[in-house]
Amino acid sequence: MTSLHMYDNITSISCPSELDKYQVIKEQERISFTYEVEFVKSDIKWPSRWDAYLKMEGSKVHWFSIMNSLMVIFFLAGIVFVIFLRTVRRDLTRYEELDKEAQAQMNEELSGWKLVVGDVFREPNCSKLLCVMVGDGVQILGMGGVTIVFAALGFMSPASRGMLLTGMILLFLILGIAAGYVSVRLWSTIKGTTEGWRSISWSAACFFPGIAFIILTVLNFILWGSSSTGAIPISLYFELFFLWFCISVPLTMIGGFMGTRAEAIEYPVRTNQIPREIPARKYPSWLLVLGAGTLPFGTLFIELFFILSSIWLGRFYYVFGFLLVVLLLLIIVCAEVSVVLTYMHLCVEDWQWWWKAFFASGSVSLYVFLYSINYLVFDLQSLSGPVSATLYLGYSLLMAVAIMLATGTVGFLTSFYFVHYLFSSVKID
């Protein structure tokens with residue numbers, strides 16, 4: 001070893017295969033280990049050399065499953081939408097063709113959504129919380145949608161470590177303007193005044209980030225207690241606080257101020273002073289609301305499996321084009337499911353549709369969290385100890401809350417504009 005130097009020409013050594021011809025090594029004898037490197041010119045371009053390592057496992061199953069899910073959901077959503085349109089159009093045509101006397105007689109004889117005209121826009125319970133959740137849902141939905149579009153176009157690649165997470169945080173901060181605007185405008189529509197818009201804007205700026213901060217802090221204390229190197233350092237906490245209170249909160253307040261300048265949405269009908277009694281039902285209406293989340297979950301669960309695998313099993317996820325299609329399909333299905341359930345509740349004279357419209361599509365988050373638990377039990381058996389399981393459940397809970405706010409906002413806004421259009425199309429004297 002001392003006599004050889006770098007780049008010296010050395011004749012290669014062929015090792016004998018017979019056992020009796022092996023080299024006998026004496027005790028304390030020095031051995032030289034060598035290897036050879038041969039450089040071969042390749043025609044593959046440099047940016048494409050990592051493609052072999054970025055291929056996802058089970059790609060054929062992934063593509064076929066996604067296509068099958070898309071076709072089934074499009075078919076079901078089309079049937080529901082066509083039946084729904086025919087039913088509403090028939091009711092409106094029948095109602096408008098009658099004269100005034102016949103309309104009065106029809107109102108006395110028939111039951112349905114026409115009888116709740118004086119209560120359908122009555123202020124819901126916990127209206128402030130609803131405004132805040134809808135505003136944060138717009139912020140989260142915008143963040144996720146823009147991130148997926150940029151990733152599908154190649155501007156944000158997981159190959160660049162931290163780019164996706166950094167982009168999502170920046171978009172979330174900027175879209176605080178949208179959260180404040182939507183929250184305050186919905187508040188002014190429900191209340192008829194912009195008084196208290198600062199409280200609404202402040203709540204919108206602190207609601208979801210506060211939930212995320214509490215979950216991350218609890219998980220961080222658990223990691224500190226177990227002396228884990230994965231714990232968030234104190235310096236990063238101060239940086240997050242700075243981004244939260246020095247960027248996100250001011251932008252949300254600016255959006256809320258813009259919401260006060262926007263014209264409030266006027267209701268097409270007047271609300272009665274005395275609320276109408278809701279008829280008793282054989283089964284709780286919330287069972288139907290919770291069951292409605294199964295259809296949006298059907299568009300999501302296959303893609304959810306690959307996303308969880310990329311996060312927790314270290315697999316690569318690069319099919320952002322399909323993820324964008326699934327997101328658009330999820331929005332369409334959430335809107336249709338929420339509108340159909342809102343119409344069903346109005347038909348049985350249940351005018352308390354606000355929260356039910358929100359959770360009809362937002363209930364998909366419950367199934368997402370249950371699926372995450374199923375994934376933990378059957379696919380993450382290699383997790384070491386309760387600390388890792390707690391960490392996984394904490395992040396899954398945060399993801400489920402974000403999905404609930406985003407999908408619930410889609411369902412609520414669609415149902416609101418549907419109810420507004422439905423009752424503005426009816427002639428009421």
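Each residue, glycine too, has its Cβ placed from N, Cα and C.
Per TrEMBL, the features are as follows:
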- 63-85: transmembrane segment (TRANSMEM)
- 129-156: transmembrane segment (TRANSMEM)
- 162-182: transmembrane segment (TRANSMEM)
- 202-224: transmembrane segment (TRANSMEM)
- 236-258: transmembrane segment (TRANSMEM)
- 286-312: transmembrane segment (TRANSMEM)
- 318-341: transmembrane segment (TRANSMEM)
- 353-373: transmembrane segment (TRANSMEM)
- 393-419: transmembrane segment (TRANSMEM)
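Panel annotation: around the transmembrane segment (393-419), residues 120-121, 130, 133-134, 136-138, 140-141, 144, 208, 211-212, 215-216, 218-219, 296, 330-331, 334-335, 337-339, 342-343, 346, 353-354, 357-366, 368-369, 372-373, 376 of the same chain, lying at least six beyond its termini, place a Cβ under 8 Å from a Cβ of the stretch.
In this chain, the transmembrane segment (236-258) touches the transmembrane segment (162-182); three or more CB pairs sit within less than 8 A of each other, excluding pairs fewer than 6 residues apart.
Remote same-chain partners of the transmembrane segment (353-373), defined as residues 6 or more beyond its termini with a Cβ less than 8 Å from a stretch Cβ, comprise 120, 124-127, 130, 133-134, 285-286, 289-294, 296-297, 300-301, 304, 308, 334-335, 337-338, 341-342, 345-346, 392-393, 396-397, 399-401, 403-405, 407-412, 415-416, 419. For the transmembrane segment (318-341), the partner stretch with the highest count of Cβ pairs under 8 angstroms, out of 202-224, 236-258, 286-312, is 286-312.
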